[in-house]
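Taking it in order: structure first as structure tokens, then the write-up.
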Amino acid sequence: MSKPVYVLGGPNLNLLGTREPEIYGRDTLEDIHARLRALAGDVAIVARQTNSEGELVSWVQEAARDGRALILNAAAYTHTSIALHDALKTLKIPLIEVHLSNPAAREAFRHVNYVAPVAVGTIAGLGAYGYELALSAALRLSGEARS
């Protein structure tokens with residue numbers, strides 16, 4: 001059985017669809033995860049969201065052990081979590097960072113990024129579609145490219 005792609009989300013992503021839809025869009029996290037599962041074919045998707053930094057770090061460690069790739073929207077932890085950065089540095093699998101909005105075009109405090117330096121790439125500002133692009137990259141980089 002092939003290893004899954006992990007799709008992990010940080011704080012407040014459980015509010016997608018209702019929280020600042022003019023910035024984050026109207027898709028819920030469940031909508032996004034359902035689309036990824038449909039696009040992944042026979043590759044399993046492990047999709048989780050948490051508002052807890054420690055839990056997110058534990059899931060990154062699990063993905064490092066059990067996953068083929070990691071798609072991560074760390075949300076606000078992108079800008080604050082050295083613990084998350086340190087966990088991500090241990091990955092031997094591709095890490096694709098995703099943001100629904102473009103943090104570089106927003107408030108100055110969002111310009112600090114502890115995830116990007118350890119990611120293969122970052123997709124930002126494309127809304128929910130960014131997750132689909134991230135899945136395509138994750139599959140290609142982990143050897144499961146779709147034609």
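Using the three backbone atoms N, Cα and C, a Cβ is placed for every residue, glycine included.
Owing to the predicted nature of the structure, the values given are computational and were not obtained by experimental measurement.
Taken from Swiss-Prot as is:
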SITE      Arg19  site 'Transition state stabilizer'
ACT_SITE  Tyr24  active site, proton acceptor
BINDING   Asn73, His79, Asp86, Leu100, Ser101, Arg110  substrate binding site
ACT_SITE  His99  active site, proton donor
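Features per Swiss-Prot, on structure.
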residue: Arg19; record: site 'Transition state stabilizer'; DSSP class: coil
residue: Asn73; record: substrate binding site; DSSP class: strand
residue: His79; record: substrate binding site; DSSP class: helix
residue: Asp86; record: substrate binding site; DSSP class: helix
residue: His99; record: active site, proton donor; DSSP class: strand
Checklist entry - Rounded to an integer, what is the Cα-Cα distance in Å between His99 (active site, proton donor) and Arg19 (site 'Transition state stabilizer')? => result 15
Item to check | Distance from Arg19 (site 'Transition state stabilizer') back to Ser101 (substrate binding site), taken between C-alpha atoms, in Å | outcome: 13
Checklist entry - Of Arg19, His79, His99, which of the recorded positions has the most Cβ neighbours inside 10 Å? => result His99
Checklist outcome for this item: Here the Cα-Cα span from Arg19 (site 'Transition state stabilizer') to Leu100 (substrate binding site), rounded to a whole number of angstrom, reaches 12
